[in-house]
Amino acid sequence: VLIIAVLFLTACQLTTAETSSRGKQKHRALRSTDKNSRMSKRCTPPGGYCYHPDPCCSQVCNFPRKHCL
């Protein structure tokens with residue numbers, strides 16, 4: 001009976017450890033995505049002023065009027 005109780009408690013601990021490690025992995029992935037979004041370059045939406053550091057999101061700039069298409 002004691003052996004069965006020890007095996008049951010060990011199985012419960014392993015299951016709990018797997019569940020909590022999955023939660024941490026998901027959290028790390030979210031943190032990584034947030035970091036990547038901050039590091040990505042900005043782009044100017046259509047109708048906005050186009051200039052070199054922040055190119056147009058559409059990749060098309062009307063240079064005479066200097067706005068993104």
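Every residue number used here counts from 1 along the chain in the order it is shown.
Note that Cβ sites are derived from N, Cα and C of the backbone, with glycine treated the same way.
Taken from Swiss-Prot, the feature signal peptide covers 1-17, and the record attributes it to sequence analysis.
Taken from Swiss-Prot, the feature region 'Disordered' covers 20-41.
Per Swiss-Prot, disulfide bond is recorded for CYS43-CYS57 (among others), and the stated evidence type is similarity to another entry. Around the Cβ of CYS57 (disulfide bond), a 10 Å sphere holds 13 further Cβ atoms from the protein chains shown.
If you look up Swiss-Prot, you'll see CYS50-CYS61 (among others) marked as disulfide bond. Note on CYS50 (disulfide bond): other Cβ atoms within 10 Å of its Cβ, all shown chains, come to 21. CYS50 (disulfide bond) falls within neither a helix nor a strand when secondary structure is assigned with DSSP, and so counts as coil.
Its Cβ taken as reference, CYS56 (disulfide bond) is surrounded by 20 other Cβ atoms within 10 Å in the chains shown. The disulfide bond annotation in Swiss-Prot covers CYS56-CYS68 (among others) and is backed by similarity to another entry.
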Nearest of the disulfide-bonded residues (CYS50, CYS56, CYS68) to CYS43 (disulfide bond), judged by Cα-Cα distance: CYS56
Site with most surrounding Cβ atoms, counting all protein chains shown within 10 Å, from the disulfide-bonded residues CYS43, CYS61, CYS68: CYS68
Collapsed DSSP category at CYS43 (disulfide bond): coil
